[in-house]
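As recorded in TrEMBL:
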{"type": "SIGNAL", "residues": "1-17", "note": "signal peptide"}
{"type": "DOMAIN", "residues": "294-342", "note": "domain 'LRRCT'"}
{"type": "REGION", "residues": "335-359", "note": "region 'Disordered'"}
{"type": "DOMAIN", "residues": "645-691", "note": "domain 'LRRCT'"}
{"type": "REGION", "residues": "692-731", "note": "region 'Disordered'"}
{"type": "COMPBIAS", "residues": "712-731", "note": "compositional bias 'Basic residues'"}
């Protein structure tokens, strides 16, 4: 009792005056409140206002509603583990500007909305481990500019879109382990200048995501272990500051000599527990290589690598699996004369045989290829093959045939591979995919045909592969969509046809693609889209048409797409956006890209129907001098008006007033009149002569007021990434 009385006496006035809510325990001296493992179904509203640490673990909230913590603005630590949370409403944490630690681990959150984490400008540590997050909307972390650690381990992530982590300017450690990541957008890690450690281990990456990783100039440690990566290609990793790379427990069978040549600071390379029978000398400045658990064949073929270890002073861990005379010998104990050349070829290691005759559920591995029974992978990458080999184990799930010269894929090209999930045929010089080429591939989900010479596909090209969901036909020679080729693909989800020569979309082009969600058509020559061309894809969510030849918004083609949330029209020669241009998708559209088009005019009613659902609007690098009223765009997270020559006269006053109210950096500047050219729209004094210019508005442009107003903006510059491509701009 004496301690409690002392706590009450020394407590801040707000803590002492407030009553501790049942069934919680309040430590007034330290401003802590604990409500552990109870039956709470709502956040208590009577928690003392000056509480700094709030622990709500083990309750049953299900939903964290808007403004749930507005009565506790002094919180610095918040624990919400194991609370059965399924949804974070947009604005759930508003008012917690002092919070530095938030733990939401072991809940059932499936989706992060763009405003789910709004209001956490001081947050440094965010734990979302052990949820069911399948999708992160770009912009979800846009206001977490102070965050240093983001923990997304053990979720259900399959794909990371471009710019998904935009705004995390201070992030040092990104933890993505134990997900199901298979595809990373090339710009997924853009705008993470402070990142030092990236954890991607225990995922489903089948190749080193070099394009995405090249954006991480400052990262020093990369964890990629426990991924089914079979090969590291030449110059696959270009990370200027990387020092420690972990590729342990993968499926590596080969590493190119120059694989790490563009990572000059790399010192530690962990290759434990792979399927490497040998390595070439590796370019770079490595100091330590771990090869323990690999089936090393210590013949004369390993001698160049062994000599390089000694010459470069590289420490190596690992021991020989063959030949029998050297089995168990450590690499550092070998002498070159012992590594004899009596075997013209490396025989299969007992640990990882390249052929499995008579093995249950498998067949022999074709000559010149490698097969992994543990990971169910087969690889003939870059073997100079002219015909697709037969004879892979029947339980093969990933087949890598990249960089050969097949020319054609004949009927029944993959017999007996009913369990195959992922097929890689990139850069194989393929000009024809014959009818029935994929027949029998009952489990195929991923098909990669990028960088070939395909210009057409027969209607029955995909017959026999009904589970196909991801089809990549980027960088081929298609002049139009392969008509009727999708009728055998009821589960097609993602279709890539970027950088082809497609000139139009006809009404029959997408027949059969009724489950399509993502359609990527950037970098073609599309000048026309028939009114009903997209109608078969009623579930379409993303439509990327940037870099084509459209001269108007394809409004008529957007009818019948009730779930379209993202539309990219960037870099099309559209000069005028007419009234009602986006009415067909007004109820679902969230992200609209109209940048870099030379756009000269936006009609007054161009954005009719659009409103609070719009999260991001890109209008930068255009030529219009005014834009219509957007005051009902109350949900905006990103607005980019950079490089637009606004005419700062009284007609622009509504826009100036609206921008003044936004908590965003939009980059809007005056292009005219001459006395305002180059000034931020918010700071131009040309509006002061306009009718209705109020005393309060005039005050905001005075030097003292402007200086005072700039302080909170500076504070937020590291906390919220502005729109794409202008980190330092301010409205």
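Keep in mind that glycine also has a Cβ here, set from the backbone N, Cα and C atoms.
Note that TrEMBL annotation is computational and uncurated.
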Tally of residues which DSSP labels helix, strand or coil - the domain 'LRRCT' (645-691):
22 helix, 8 strand, 17 coil
Taken over the domain 'LRRCT' (294-342), the model's mean pLDDT:
92
Which residue counts does DSSP yield for the domain 'LRRCT' (294-342) in the helix, strand and coil classes, in that order?
22 helix, 10 strand, 17 coil
